[in-house]
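Colleague: Here Swiss-Prot flags 1-56 as region 'Disordered'. For Arg2, Arg12, Arg16, Arg19, Arg24, Arg28, Arg32, Arg36, Arg40, Arg44, Arg48, Arg52 (among others), the entry in Swiss-Prot reads asymmetric dimethylarginine. Residues or ranges marked as S-adenosyl-L-methionine binding site by Swiss-Prot: Thr149, Thr150, Glu168, Phe169, Asp192, Ala193, Asp212, Val213, Ala214, Gln215.
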Amino acid sequence: MRGGFGRGGGGRGGSRGGRGGFGRGGGRGGGRGGGRGGGRGGGRGGGRGGGRGGAGAKVIVEPHMLHPGVFISKAKTDSLCTLNMVPGISVYGEKRIELGATQGGDDKKEYRLWNPYRSKLASAIYAGVSSIHMGPGSKVLYLGGATGTTVSHVSDLVGPEGMVYAVEFSHRVGRDLVEMSKRRPIVPIVEDARYPMKYRMLVPMVDCIFMDVAQPDQARILALNAQAFLQNGGHYVISIKANCIDSTLEAPVVIASELNKLKKDKLKPLEQVSLEPFERDHAVVVGVYRPVKKSKQ
């Protein structure tokens, strides 16, 4: 469930987490969505795989009440999905739902199911985070792009008017991002996120930074990139894996320490959610960089 920033900094998002729903934006559930998958990445490519759903059963797709660009597929179980920018093509073997004019549209639309066991951003939405700050037209710097599972969904969110700048250290994995960028608004950057000046000519000022880099110094990496690319009042979303930072301490203690580091670098935390049951000892923190003070009228 949504955690706060009460005593101890770790908030209530700690170990309980609950099964999560869709926050205030829809029904329960979502099920397991096809197994645990593989952390950030998932398998390569996917090509035209994945298959289409909704052929026999009645499926209704509704916009999420809290997150622009995110939809809820209502069938036997409710699932998150995004509007596929490239209809007919699956990125990582995900299921697709094709709907026609029966829901009031003139053209057919295709939605891609968003599996919370393969995307920490999706699991944060299931857990009830109130905003991810990646709506249509947004410019997003994505640190830790991996094979592009979540990157592809973020590109659906920002749409053709937005852009995703995806940084990934691995050259082998980066090839998948390069291939994906041929069809989606993605700028693939194969570099080390610790050195943002190496890609300063490729990234403009952005509206939001999403970070999924499991490193002990991830708070410092986020701060360096925020100083280089995040506009004042811009937002960040960071996935914190406690065991990767300090496996000798309890997860809430580690997360509280990371929050303090963020605050020192003017990265003010706004909310925190636990990713249970999708990920153990993980939390997602949403915050704002150098918040702009509202002028008094």
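Heads up, the Cβ atoms here are built off N, Cα and C, so glycines get one too.
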Colleague: Within 10 Å of the Cβ of Glu168 (S-adenosyl-L-methionine binding site), how many other Cβ atoms can be counted across all chains shown?
Modeller: 29
Colleague: Sequence gap of 6 or more, Cβ distance under 8 Å: name the residues on the same chain that satisfy this around Ala214 (S-adenosyl-L-methionine binding site), in order along the sequence.
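Modeller: Counting only residues 6 or more apart in sequence, the Cβ neighbours of Ala214 (S-adenosyl-L-methionine binding site) under 8 Å are Gly144, Lys241, Cys244.
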Colleague: Is it possible to get the count of other C-beta atoms within 10 angstroms of the C-beta of Asp192 (S-adenosyl-L-methionine binding site)?
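Modeller: Counting Cβ neighbours of Asp192 (S-adenosyl-L-methionine binding site) within 10 Å gives 13.
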Colleague: Would you work out the biggest C-alpha to C-alpha distance among Thr149, Thr150, Glu168, Phe169, Asp192, Ala193, Asp212, Val213, Ala214, Gln215, the residues that bind S-adenosyl-L-methionine according to the record, and give it in angstrom as a whole number?
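Modeller: Farthest Cα pair among residues binding S-adenosyl-L-methionine: 20 Å.
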Colleague: When DSSP is mapped onto helix/strand/coil, what comes out for Asp212 (S-adenosyl-L-methionine binding site)?
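Modeller: Asp212 (S-adenosyl-L-methionine binding site) sits in coil per DSSP, no helix or strand.
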Colleague: Across all chains shown, how many C-beta atoms besides its own are within 10 angstroms of the C-beta of Thr149 (S-adenosyl-L-methionine binding site)?
Modeller: 28
